[in-house]
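K.L.:
Okay, handing you the structure first.
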Amino acid sequence: MRIDIISVLPELLESPFSHSIMKRAQTKGMLEVHVHQLRQWAVNEYGQVDDYQYGGGAGMVMMCEPLANAIEHLQNERKYDEIIYMTPDGKRFDQQTANRLSLYENLLIICGHYKGIDERIRQHFVTLEISIGDYVLSGGELAAAVVVDAIGRIIPGVLNDETSALTDSFQDNLLAPPVYTRPANFRGWEVPPILLSGDPKKIEQWRYEQAVARTTERRPDLE
Ligand code: ADE
């Protein structure tokens, strides 16, 4: 999968994809992330990409021309399965959307800043608007990093068995059960004996029950 990201702050997106599973996905050739500085398509030599909003009001709006030129430049190279705009008024991001997006070949993500992007870009280019939660970030970059991470780790072949995504929270609409590692007794706090029983069937049943109990208690909306 290839993901292109248009941003006025590409520096914010350098680190999130340079470590751990995101790094491995790229080294294995399963994920390519390309970040493009929107100011390459600025309307003047000062690098302008935003302007005052029509009708007045505080806050700048990202202009049509640089965004349209950036998107069309990238579209000349490849066809995108989705053109995604990161915005707090978008569809709430969840595991189901991550699963769906992880099966695509090419995604383009637009990061907004200031008051957002001119509505006409949303109408004429954007195919999917994503919010990562009901709060406002200072720009779309951190939200884009969240989405790329959630997608990247479940691209088929990226995770090995030990880190399999199948047992994650939300796959099955269940939260994940509690996990423990050595020692079996830490300060008198014991690991549930069933996990030391060596009986895979019982352990699986216990984990399922724990997942159900945890979901009922914390996230009844998922059931
Ligand atoms: N940009 C600013 N806030 C955001 C949010 N909550 N989700 C996605 N993009 C955003």
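Backbone N, Cα and C atoms are what each Cβ position is placed from, and that goes for glycine too.
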K.L.:
Pick the one from Gly112, Gly157 that TrEMBL also lists for the S-adenosyl-L-methionine site with Ile132, Gly133, Asp134, Tyr135, Val136, Leu137.
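P.N.:
Of the residues offered, the record points to Gly112.
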K.L.:
Please give the greatest C-alpha separation between any two of the S-adenosyl-L-methionine-binding residues Gly112, Ile132, Gly133, Asp134, Tyr135, Val136, Leu137, in angstrom, as a whole number.
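P.N.:
Output for S-adenosyl-L-methionine binders Gly112, Ile132, Gly133, Asp134, Tyr135, Val136, Leu137: max Cα distance 16 Å.
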K.L.:
Based on a Cβ-to-ligand 1 distance below 6 Å, what subset of the binding-site residues Ile132, Gly133, Asp134, Val136, Leu137 would you report?
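P.N.:
Once distances to ligand 1 are taken from each Cβ, Ile132, Gly133, Val136, Leu137 fall under 6 Å.
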